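TrEMBL lists 9-20 with the feature compositional bias 'Acidic residues'. Summarising the annotation, TrEMBL assigns compositional bias 'Basic and acidic residues' to 38-47. The compositional bias 'Basic residues' annotation in TrEMBL covers 48-58. Residues annotated as domain 'F-box' in TrEMBL: 82-120. Under the heading region 'Disordered', TrEMBL lists 1-20, 36-65.
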Amino acid sequence: MMNQKIAEEDGYGPSEDEDDDYYYYATSRRRRKVAVFENKDNSTEKRERKRKRNRNRGNTKFTEKGFCDENSQDPLVVFGWDIMLMILSRLDARSVALSLVVSRTWHGVASSDTIWSKKCEELWAGKAHLPRVSQIKGLSKLAAYSLSIMDGKRSRIMKEDLWDHAWEFHFNKAAPNYWRNLDPYWKGAGPPMRRYFHPDGSQTSDPGDKVWGGHECCYSIVTSFLADGKIREHYVRINRWPQMYVSRKQDWGWKMSNHLYCYSSVPDADTKGGTGPCFLAC
């Protein structure tokens, strides 16, 4: 009955020579085939429209060889190792660092000492001190650059920092006039006074220093932390004089001062092997 109804809706019926049941069966099969062909045509058109839309958008896809674009190839494959080294060498350090995570092959190129040797030279230019941790023999230049950045942000002074540097010393304006009159910094006569810290906890000065007076001096570094590990208080004290608070300069130099006097580390970037601790401090 269903086949008969479908055939009648088409406006056709069996001829005089055809059997009713055969006619209606053949008609229903023909209609199903036509519907299948129409669905195939529609799905093909949809796929073609989607392909054109993705092509216009520059859509990317994953292939068996890796991640690629439909209209382009991996620059490392196109240009080769040597050309990519030249290109990456002309980028800033941040851009080169981002290219490290593109793929394993890109990491091999972007981590090359050829690139990071120049980046280290640019980073270290004009710096007062070079961290010892970045000068370890056999260390890659990428690691040396990263460790230099981290150490340059360090605000906690260590004993090695005191030992390794000479320190310029001068009185501040709040100091008594008697001391300021003996200070070349205020008189404008001669080089600034210098102080030296030693591993045994003592401090000395240059011979003939009028302010020094030959008295004994010892120093201590005091650091206290909060429960979350952050530094709450950090200072250096000499004898029983007022504590000196520590700060870091843009050129990675150190400054320690209170209301009476000030210490500034003398630049020594040419020191072989670097200066400061052999490990990263917080």
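Glycine is treated like the rest: Cβ placed from N, Cα and C.
Small disclaimer: the values here were computed from a predicted structure and weren't measured.
Beyond the domain 'F-box' (82-120), the same-chain residues lying 6 or more positions past its ends with a Cβ under 8 Å from any Cβ of the stretch are 66-67, 75-76, 134, 140-142, 144-145, 148.
Residue counts for the domain 'F-box' (82-120) under DSSP, split into helix (H, G, I), strand (E, B) and coil, are 30 helix, 0 strand, 9 coil.
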